[in-house]
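Report on the structure given below.
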Amino acid sequence: MKAICDRFVPSKCSSSSTSEKRDISSPTSLVSDSASSDNKSNLTLCSDVVASSSPVSQLCREASTSGHNPVCTTHSSWTVILKTASMASGAIRRFQDRVLGPSRTGISSSTSEIWLLGVCYKISEGESSEEADAGRVLAAFRQDFSSLILMTYRRGFEPIGDTTYTSDVNWGCMLRSGQMLFAQALLFQRLGRSWRKKDSEPADEKYLEILELFGDTEASAFSIHNLILAGESYGLAAGSWVGPYAVCRSWESLARKNKEETDDKHKSFSMAVHIVSGSEDGERGGAPILCIEDVTKTCLEFSEGETEWPPILLLVPLVLGLDRVNPRYIPSLIATFTFPQSLGILGGKPGASTYIVGVQEDKGFYLDPHDVQQVVTVKKENQDVDTSSYHCNTLRYVPLESLDPSLALGFYCQHKDDFDDFCIRATKLAGDSNGAPLFTVTQSHRRNDCGIAETSSSTETSTEISGEEHEDDWQLL
């Protein structure tokens, strides 16, 4: 992923870095931000580009090695820096416009309901009391959105493995998107869906513990360092970009490793992880199949034979078209956000991953991992730590029709009844998909007389929609 300078607008997602401090005191932005930004913002967001590639940085290095004062401290050299940064900013702005499209922020004037990870915010249009109610609804939505955990590019962390990478700028956006989804699952499990971050109160220890798990160090269970190590067999490597399927499998491996290598008292991720795909290697065409027997087996293995059904995270990697998502699938994608179990979508534009957390009509609200922030050390014992860089107050959205077709859905089921409810909803969604299901639900696998694996659908509707008539837009994962 290329670092995106002038990312949409000067971000309101705060950072602990003094040079990148953003405004977090204002309420969530509901108006379009200006498409332009001042030179200071350009320099801040482009610092990595300038530092690594500009002739000025080379001049600084040469001066430093020769024992002279760095020439970039002179007035004329600062002028060169400004010009270089401006050129880099313009180039990356044009790149950003091509990849992600022009800046889109805030909420439209539409009164259509908003769905945010399974929670509905109904906006009514009217006078007096109805307008006041709409204001309260929007305020509640803003608070919910800004309480979601944000993961972005970081710089200044310890090298990843045997490499020299101390930053994931330019390539780590899909990994950060995956971190956001997993962090959200932990937040729902440990604090509940109704939890909201309150700046006026000391930070909750469970909340800080979650952030600590995603610190940028090998000591943190779900750091980018450990995710890359767990995903080596799926192509994960520092400096390389991977797709949603590889990231889903890597998280599955990391969660399994965490369970195997730690005792019950110190387990960081106390939920099972199950990947829903067409086959074990994810290379079967057609809609993926959620087999209830397989999920039950995953839960039994995780609980080591105990009868109590553990919480489970379901990940569904998909490829829904060629260059962009086929419009037939968009209604179903929108509907998944109405599920109480919804954890959103890992996806975005081609080559630019984001974490989509909500929908209104045909657009998706998302958290953007492309802002570059300094590393922050969070410890659960320190309730005074500044965690503002893990949250965002700026609402950004993308037209769902422009999404890259390679994406992944996430769902969190707290217990067996929750999973059963999810299966009912998913089966109905497949039945209402007009022959274009995102995935189907079956009760068990069976083999025919020729030894070929088949599936036994949990409902008649599921059987009817699992044929090949409408599978022409699917790709191999």
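Every residue gets a Cβ built from N, Cα and C, even glycine.
Annotated region 'Disordered' per Swiss-Prot: 11-39, 453-477, in sequence order. What Swiss-Prot lists as compositional bias 'Polar residues' is 25-39. Residues or ranges marked as active site, nucleophile in Swiss-Prot (evidence: similarity to another entry): Cys173. The active site annotation in Swiss-Prot covers Asp368, His370 and is backed by similarity to another entry. According to Swiss-Prot, the compositional bias 'Low complexity' annotation covers 454-465.
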Rounded Cα-Cα span from the residue listed as 'active site, nucleophile' to His370 (active site), Å: 6
Collapsed DSSP category at Cys173 (active site, nucleophile): helix
Rounded inter-Cα distance in Å - Asp368 (active site), Cys173 (active site, nucleophile): 8
